[in-house]
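Below is a structure I'd like to ask you about.
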């Protein structure tokens with residue numbers, strides 16, 4: 001019965017996470033229509049690629065097919081988003097430098113963990129730690145916007161659909177991590193649930209005056225697995 005739960009939950013988690021990743025297509029479509037990235041940042045796309053790539057590596061090492069599948073799709077999508085941003089940004093040189101740094105980090109971690117092939121458990125442990133750190137950094141990114149919401153007492157700048165989706169996705173992966181007893185999946189998604197609940201709580205404490213604020217005009221934050 002537990003295996004059946006694992007299978008159903010992993011399938012629904014993969015599907016909902018892929019839909020979350022696809023939110024980047026809305027942003028890229030705007031870039032293509034305007035033929036410009038405006039003042040928006042492409043860093044979330046680069047970091048999304050980095051995070052999905054690390055989790056893909058972790059999934060391969062732990063032989064977790066659902067983790068492999070969702071992050072194979074995610075890393076591909078974020079790479080496409082990164083290329084679209086590059087085509088339409090005027091700061092191409094700076095963007096290439098940012099991507100080069102991320103690529104160097106990715107290659108460096110892979111090379112280091114490959115040197116630990118005689119100790120597979122240590123390979124998994126180091127890769128899991130890196131995945132957790134990167135994912136927690138992503139979840140921590142919106143904290144600055146929370147300070148702004150509390151200061152102005154208005155949650156209009158927060159994207160409610162994205163936050164609700166993030167909570168739902170994090171909750172699924174948290175439960176899945178519990179079922180397979182994987183703390184590296186549990187920890188970041190537990191923190192993701194807490195952060196999402198905190199953001200949702202702000203909608204109750206400080207209701208938006210309208211649902212047409214900046215958070216709804218352009219969802220620039222794509223949260224990776």
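Glycine is no exception: its Cβ is also placed from the backbone N, Cα and C atoms.
So TrEMBL has the following annotated:
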TRANSMEM  12-31  transmembrane segment
TRANSMEM  43-61  transmembrane segment
TRANSMEM  67-88  transmembrane segment
TRANSMEM  95-112  transmembrane segment
TRANSMEM  124-146  transmembrane segment
TRANSMEM  158-179  transmembrane segment
TRANSMEM  185-206  transmembrane segment
Out of 43-61, 67-88, 95-112, which stretch has the largest tally of CB pairs under 8 angstroms to the transmembrane segment (12-31)?
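Highest pair count goes to 67-88.
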Below 8 angstroms Cβ to Cβ, which residues of this chain, lying six or more residues outside the transmembrane segment (185-206), approach it?
67, 131-132, 135-136, 139-140, 142-143, 146, 149-150, 153-155, 158, 160, 163-164, 166-167, 169-171, 173-174, 176-178, 223
